[in-house]
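Worksheet for the structure shown next.
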């Protein structure tokens, strides 16, 4: 399933939960972690479970960001699995073994609640100093529930004691560019989605779109949103343009016209098999997005 936009929604806010349903996001992340005060965790858990169990509107997948296992995360899973969320966002994942452990809990809870074994996992895999060292091991760890990998800078900079995670030009500082690249490479090695981290200035639509376009060119397939106004820009940036679709079709047609040939010419350029594979990926992604739009209609 192609998911371009993941919109964070505080799990204890009826108003924001209702607004999220009409946001157009491919997925909502119903948050039980950072956006919920400790005194409201139990309330948020109940609200999120009821929200997921209610008849769905808007077509968004419903994911839940749990708390870390050491800080109430198991209670979150026990509370929400019976409603059958589409996925769980795992914060502060240090290593693949954390996902193996959570998968085992999900196996048991799904059996308990009679829920199909379909809940997927999206770890935030760079939030602690240990976590980047675990990224190299995701591809050789059996994790059938793994949907993708995403990264985050805010918790990591806090853990490092850094005064900022940006350089003087406003770009990510080296440490954060490094873990971002590691996350992208690990996702591609696993054959799963690579989800870009949030863009903090939700009023800067032009900056968001520029940043998303750059992330898409690099290979990220979607992005976290923190405000409904960011969803349209994210969805557009992570969807192939009509020009890209048309070019991909011409590339595929050129190879189809010369079966058994590894190199073809198009518009004065030589194209080989990697270009064909890239074109096929563009068309497959466009078809998946169109199918999702059709299902929403």
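Cβ coordinates are placed from backbone N, Cα and C, and glycine is handled just like the others.
Sequence annotations record features per position, and here TrEMBL assigns domain 'HpcH/HpaI aldolase/citrate lyase' to 4-228.
DSSP assigns residue 127 (substrate binding site) to coil in the three-state reduction, outside any helix or strand. Taken from TrEMBL, the feature substrate binding site covers 65, 127.
TrEMBL lists 127, 155 with the feature Mg(2+) binding site. Taking a C-beta cut-off of under 8 angstroms and a sequence separation of 6 or more, residue 127 (substrate binding site) has the following same-chain neighbours: 91, 92, 93, 152, 155, 156, 159.
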Residue 65 (substrate binding site) in three-state DSSP notation: strand
Least surrounded among the binding-site residues, given as 65, 155, when other CB atoms within 10 Å are counted: 155
